[in-house]
Amino acid sequence: MAAWKSWAALRLCATVVLLDMVVCKGFVEDLDESFKENRNDDIWLVDFYAPWCGHCKKLEPIWNEVGLEMKSIGSPVKVGKMDATSYSSIASEFGVRGYPTIKLLKGDLAYNHRGPRTKDDIIEFAHRVSGALIRPLPSQQMFEHMQKRHRVFFVYIGGESPLKEKYIDAASELIVYTYFFSASEEVVPEYVTLKEMPAVLVFKDETYFVYDEYEDGDLSSWINRERFQNYLAMDGFLLYELGDTGKLVALAVIDEKNTSVEHTRLKSIIQEVARDYRDLFHRDFQFGHMDGNDYINTLLMDELTVPTVVVLNTSNQQYFLLDRQIKNVEDMVQFINNILDGTVEAQGGDSILQRLKRIVFDAKSTIVSIFKSSPLMGCFLFGLPLGVISIMCYGIYTADTDGGYIEERYEVSKSENENQEQIEESKEQQEPSSGGSVVPTVQEPKDVLEKKKD
């Protein structure tokens, strides 16, 4: 009886899971060649995938959840997916170069999703890009609501101006990353002080910063640098994104599961420097911490001890390490100042030698990872080709040896035949020319074997 109940419960769970999958898939449309003509009437969030792609298969259940969520909240954005290998011409038209590629298509515009492939991040991307490029903030209440909702956002304050045109151009390029708003001076909170109008501000880290054209340069570049919070929990994707900012990244490499004083102290030091020395370093540095050293070891092609502090230049793959332990904030500030004035020598880089080293390191890492994960598979992948190559080399070597031996035997045989012919010709010349005369025979010279017999 108990076994029957367990079996019934298992069947019920399986049925629920299957129904959930069917329901989720029902809100994601499979797109074909007709999509090209019919898409302009709606806003589409599309996953361009390949059936053989492993990352695409991992994304599939997340994508089904995105479709269900967008439908349940009444979003005007339709969710679909397209096999880019079957409809390669359409995929090429939208600039698909890898799999999976997530794009939001709005009219003639196509926006790439470049963030993490989680349900929340994809939905946030769809909401941000599908709406207005510049969203108005008509009241202080709305302004305060946006501050609570978004960790980082930009605001243009003022009327029509050349600065606003630059702001719109920057927003059209960077809307895939962050939010852009506009407001009047009356709507801005009282704690905000503006020296001149119009102005562009970024609100983040519980404060604000004003764009200065003379100090900050190009507006788009400034927005691209300031779209990150000053302190971040880093991963490989964020480090890649920070490469476009031109900033150095000061990282505390720690083990978050380790609660020892040494690990928590380094993290606190980086946080304190990011907070208290922002005015000095925020133009040149991004601060954060990373859990574990696996990614950093791959990036640096070296084994870093944990915990430690490393400063990365993600634009050219250089890095800076201190030859002594950082014990307090003053040590970290001194380390940063030494980097800025060139006292600390950079390591790594993207020179030809480093690129060759990278190729060797990547090949070694791949081989080691294969043997660690599956020794039998590693033996098969690398042992079989080596065995085939060894057999081929042996065959070529033995073929050359046999050929030389046969050629040598042929020359010896040819020489023996010529000698035999000469002996026979000599005998014919020594035979008597007439039948009755007796001619004394001349003894032929003996060869070596005959002499030995005598």
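Placed from the backbone N, Cα and C atoms, the Cβ positions cover glycine too.
Copied over from Swiss-Prot, here are the features:
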type	residues	note
SIGNAL	1-24	signal peptide
DISULFID	CYS53-CYS56	disulfide bond
ACT_SITE	CYS53	active site, nucleophile
ACT_SITE	CYS56	active site, nucleophile
CARBOHYD	ASN258	N-linked glycosylation site
CARBOHYD	ASN313	N-linked glycosylation site
TRANSMEM	376-396	transmembrane segment
TOPO_DOM	397-454	topological domain 'Cytoplasmic'
REGION	412-454	region 'Disordered'
COMPBIAS	444-454	compositional bias 'Basic and acidic residues'
Legend entry - Spatially closest candidate among CYS53, CYS56, ASN258, the listed recorded positions, to ASN313 (N-linked glycosylation site) (Cα to Cα): ASN258
Inset, instruction - Look up CYS53 (disulfide bond) in the DSSP assignment and report helix, strand or coil. - result: coil
Inset, instruction - Can you grab the distance from ASN258 (N-linked glycosylation site) over to CYS56 (disulfide bond)? Cα atoms, rounded to a whole Å. - result: 34
Legend entry - Structural state of ASN258 (N-linked glycosylation site), classified by DSSP into three states: coil
Legend entry - Cβ atoms near CYS53 (disulfide bond) (within 10 Å, other residues, all chains): 15
Inset, instruction - Work through the glycosylation sites one by one (ASN258, ASN313) and point out the residue whose CB has the fewest other CB atoms within 10 angstroms. - result: ASN258
Inset, instruction - For CYS56 (disulfide bond), list the number of other Cβ atoms lying within 10 Å of its Cβ atom. - result: 20
